[in-house]
Amino acid sequence: MTLFGLDCAKKKERELERKLRANDREHNLSFRYATNAIKTSKYNAFTFLPLNLFEQFQRIANAYFLILLLLQVIPAISSLSWFTTVVPLVLVLSVTAAKDATDDINRHRSDNQVNNRKVTVLMDGELRSEKWMSVQVGDIIKLENNQFVTADLLLLSSSEPLNLVYIETAELDGETNLKVKQALTVTGDMGDKIHSLAAFNGEVRCEPPNNRLDRFTGTLTNAGQKYSLDNNKILLRGCTLRNTEWCFGLVLFGGPETKLMQNCGKTTFKRTSIDRLMNVLVLCIFGFLAFMCMILAIGNRIWEQRWGSEFTAFLPRQDGVDTPFSSFLTFWSYVIILNTVVPISLYVSVEVIRLGNSFYIDWDRKMYHARSDTPAKARTTTLNEELGQIKYIFSDKTGTLTQNIMIFNKCSINGKCYGDVFDYTGQRLEINEHTETVDWSFNPLADHQFSFHDHSLVEAVKLENVEVHSFFRTLALCHTVMAEEKTEGELLYQAQSPDEGALVTAARNFGFVFRSRTPESVTIVEMGKQRSYELLAILDFNNVRKRMSVIVRSPEGKLCLYCKGADTMVYERLDQSCTKLMDVTTEHLNEYAGEGLRTLALAYKDLDEEYFSRWKQRHHEASTALEDREDKLDLLYEEIEKDLVLLGATAIEDKLQDGVPQTIEQLAKADIKIWVLTGDKQETAENIGYSCNMLREEMNDIFIVSANNPDDVRQELRNVLSTMKPGAEEEAIFMPERTLGNKPKVVRDEEVNGEYGLVINGHSLAYALEHSMELLFLRTACLCKTVICCRVTPLQKAQVVELVKKYKQAVTLAIGDGANDVSMIKAAHIGVGISGQEGMQAVLSSDYSFAQFRFLERLLLVHGRWSYLRMCKFLRYFFYKNFTFTFVHFWYAFFCGFSAQTVYDEWFITLYNLVYTALPVLGMSLFDQDVNDMWSFQHPSLYVPGQLNQYFSKTAFFKCALHSVYSSVVLFFIPYAAMYDTVRDDGRDIADYQSFALLAQTCLVITVCIQLCLDMSYWTAVNQFFVWGSLAMYFAVTFSMYSNGTHITFPASFPFIGTARNSLNQPNVWLTILLTSILCVLPVVAYRFLLIQLRPTINDKVMFKVRQAKATPPLPARRARMRRTSSRRSGYAFSHAQGYGDLVTSNHFLRRPAITRSTAFTPLGRTTGFSPMGRSAGYSPTGNALNSRPQEVEVTSLQMYRMVRDSAF
């Protein structure tokens, strides 16, 4: 407990700074740091039973049945045997305990496997093999190639040049590209000398344990010198050592205190709206149960006062039991008898249904992405039916709607635009797969998968245009890409983002080849000549700067700063002499934006040697500061990035994923509102909105909110609201409160004439999300058909989702592919992760995952709708059959003197939910479907009833209860009347209690089976087997339990001897069963028939079409394709990730440089660079094939109509 319990928790709270000394266990143990053992299991052999039972009885239903069991052992109030409650309760508890035990055993195995791994530890001057669990903070350990990193380590030395190591972080962030770490020179000099490492006694002071994977702050004191430590010198547990023979590291954090384990916090438990409704209904049922028992207890008192004394001769009262006390005992007796209104098997059945529907998602081949070998995955089994009720979708753009595969498309250099192709008349030609591409044979180091069509840019490079050379030199130098050259001329690039990879590849093909880097230099091949630039500083990218710069010294000794970044950021720092060039370049940027391209501005600046020397000294002081290090560095960066000279701009295409426009169109038809939350520029996001058919020219208006202060944002939102709905501000916006409590008010849905779109940027959104303005923003946004929030941070994404969850009575879904989408995914009711180009963090945090956005259509319109429909049918039927079963007891009480006698045999009560009616309803809940998937796609409006909770709600529950009351009346009084004063064919009396009980329970089983058949829409062989098999099981078990042999063996437990064979051989009994079943079912059939004729639902209409078709519906016609252009401005957007600048300047590169190289331009074979396998100019970290053609967008039916209409005139 001291390791993982309260002591450890308290220690974490107190620890403000970690202090440790290398090779000194005694000193480090005084701080009581955690060892390297981990424990993810919950139980052990001694604690499993008490802890698991304690957890299970925290559920209201289980606790309720435990109380019933305790009541049943009191003879004075129990008229049922103990097994009627014990058997189902023990079964449910056992199934749940078995599941929990299996899960925990797997956790134990995983823990033992990890804790018992072997690692080499330096102890007492020699290397020993120890288990991971034995490693302590302050130990020095040795790792070898392909080994997992044991704990969070400070890298001391390695086998690689310059003390580098290469690691794979797939366990942490899902990224398989290698990353580089580098040790301090003072520790790297120790190498693998055991005596030096054993004598090392450096002291580390660093931050306490935390979950920040991207940063680390600390210092190392050794031999009186203090050295700065950052994240680039830390190896985190969970990483794998690659391409490194060996390395030594000092343990800083172990076991539960490592950053990996700190990030394994508890995920917020999500519950569906049906779960929440069920909790309310169960409480209402408890109240109704108490009400019925109160009525029957009062009836008992009245009966005892008036007629009870007449029976005392036959049934003498026990001593001390008078009429009031008898009434009190009767109340508790009926609590036991009527407990089946809340059947314990309900919760088990719900979990089985959810598990089955989750398997359908996992097994769906139509959601399998063959190119990436990625199937759909239901990562949770508790939210399936919620997929059928989605009203709002919050989507990322880059990598979710788009492929995150970047293609260098166009560029602007010194005011001239390159990338377009013109004919001899000067008319611009549309580029397609037949357009002639540039011949790269002049460049043996070119990536021949890169394609470009404008020959004039190559000519400018060959003519040694100064501005063009400077442009591509900037692209070749200003980056953090790592180069690998396994064989000469075969270059492979590892880039932190697809954008950067595409830009470096473009420079490579145009003659400026990034060849290799060391911590102090960057080597490039410029038009066949190898040149090495001294790398003096990298001014790294972050979300605030939105730019990066490098400072280099050329071979001629010239100091220069090269900068690339968002055009808005670069423009603010340009010299005044660039004004005219800025205007021309801005026009080109607008043109690129109209085509949906991501833009980036490039600039440079010559530096003075003396000024840079002073700046470099201040930079060193800031980089070694323990406090406010990042703020100090930012001020220095701002100081030097001034008076830049503009070179031009790049334009990169981020292609749309397959099927995105069609998916969005289908979801819109299902009345699902889609909000795009992206970090991209407003123009880029807006243009993608048009490409995806979210924004359309035929919309009434598209509003832009981009103010920079609260008052202006409020005014703009008010103007938008009044335009869409004049006088809306005076209207009431909240729904009337129906229940008591402190729940936030719900903003009602409003209708507006026409379709509108809203685009709001991050600055305005920050003000709009303030408490005083959030309702105005929400109301305005909800009136729009499409909402696009651009330049938003990950926190703002989550805030938008939380705002809609708080004030709208709707189910939300968030979908994204990157680490910046995790907060949004966790905040929504349903989180969907896409296995994309930005790692696996979104997938690991999601509830469902797949490879393409288009699969969301099938997930919601097919699996989600079916799951919701099945669950609702299950609940309606389950409550119906159990209410009907229970209410018969209620009516029988009026005929048995309120004596708490049961109307059924005790064994029937025990087996009713577990055997006789369990499988048919499970079969319906797992296999039923109103229409198949093709009809679901053709009629997306089938999804709308789920959003409105039409299939199961409080109203539907009340109707179900009324139906049960009617059925119970029929099931009791018809057999009662038929059996009253009735005799058998041979003249013997049949009107006994046991015969009536058998008749009533037989009528009940048959009636609920018929009702199930009426509810079933889709019959399979399994359903047939379950229904007929359950009926056969009922009769087989009944005849067996009522046989002579069973009674002789267990006379006290089976008193109904011979009842089955004596009653079920009488024609009048079967006639009564037939009459009762018809009377129960006939009103239901008549009601449904009239409802379909007078007020058919969308399901009824579509099912009628299905019956008319009598065949598989034809596939929808293929839509026409057209190229969409727009005048909207687009822009480049950086990912929400810190750059690799510090990594590079501290000797961090991904591969060792080749020893010898040839720089002559001699023809070589085709390279295998980092570009994808297709014929395009794109860059993809995973090497997916690309298409170099311009993005084509499938038009909607409305657009096709407009095209045909326009061509007619």
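Quick reminder: no glycine exception, Cβ is built from N, Cα and C everywhere.
For reference, TrEMBL has these:
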- 21-86: domain 'P-type ATPase N-terminal' (DOMAIN)
- 63-93: transmembrane segment (TRANSMEM)
- 280-299: transmembrane segment (TRANSMEM)
- 331-350: transmembrane segment (TRANSMEM)
- Asp396: active site, 4-aspartylphosphate intermediate (ACT_SITE)
- Asp396, Thr398, Asp817, Asp821: Mg(2+) binding site (BINDING)
- Asp396, Lys397, Thr398, Glu500, Phe541, Lys564, Arg598, Thr678, Gly679, Asp680, Arg791, Lys797, Asn820, Asp821: ATP binding site (BINDING)
- 843-1096: domain 'P-type ATPase C-terminal' (DOMAIN)
- 874-895: transmembrane segment (TRANSMEM)
- 907-927: transmembrane segment (TRANSMEM)
- 956-978: transmembrane segment (TRANSMEM)
- 998-1018: transmembrane segment (TRANSMEM)
- 1025-1043: transmembrane segment (TRANSMEM)
- 1069-1091: transmembrane segment (TRANSMEM)
Residue from Phe541, Arg598, Gly679, Arg791, Asn820 whose C-alpha is spatially nearest that of Thr398 (Mg(2+) binding site), among the binding-site residues
Gly679
The transmembrane segment (280-299) in contact with the transmembrane segment (1069-1091), cutoff 8 A, at least 3 CB pairs, sep 6+:
no
Near the Cβ of Asn820 (ATP binding site), how many other Cβ atoms are there if near means within 10 Å?
25
Pop the Cα-Cα gap between Asn820 (ATP binding site) and Asp396 (active site, 4-aspartylphosphate intermediate) into the table, whole Å please.
9
Tell me, roughly as an integer, the mean pLDDT over the domain 'P-type ATPase N-terminal' (21-86).
81
Let's see if you can do this one: DSSP helix, strand and coil counts over the domain 'P-type ATPase N-terminal' (21-86), in that order.
31 helix, 1 strand, 34 coil
Across 331-350, 907-927, 1069-1091, the most C-beta pairs under 8 Å with the transmembrane segment (874-895) come from 331-350
Going by C-alpha positions, which of the binding-site residues (Phe541, Arg598, Gly679, Arg791) is nearest Asp821 (Mg(2+) binding site)?
Gly679
Counting Cβ neighbours within 10 Å across all chains shown, tell me which of the recorded positions Asp396, Asp817, Asp821 comes out on top.
Asp821
Nearest-integer angstrom distance between the alpha carbons (Cα) of Asp817 (Mg(2+) binding site) and Gly679 (ATP binding site)
13
I'd like the Cβ neighbour count for Arg598 (ATP binding site), meaning other Cβ atoms within 10 Å of its Cβ, all protein chains included.
25
Ranked by how many other Cβ atoms lie within 10 Å of their Cβ, the binding-site residues Phe541, Gly679 are led by Gly679
On a simple 10 Å Cβ count over all chains shown, which one of the binding-site residues Thr398, Arg791 is most densely packed?
Thr398
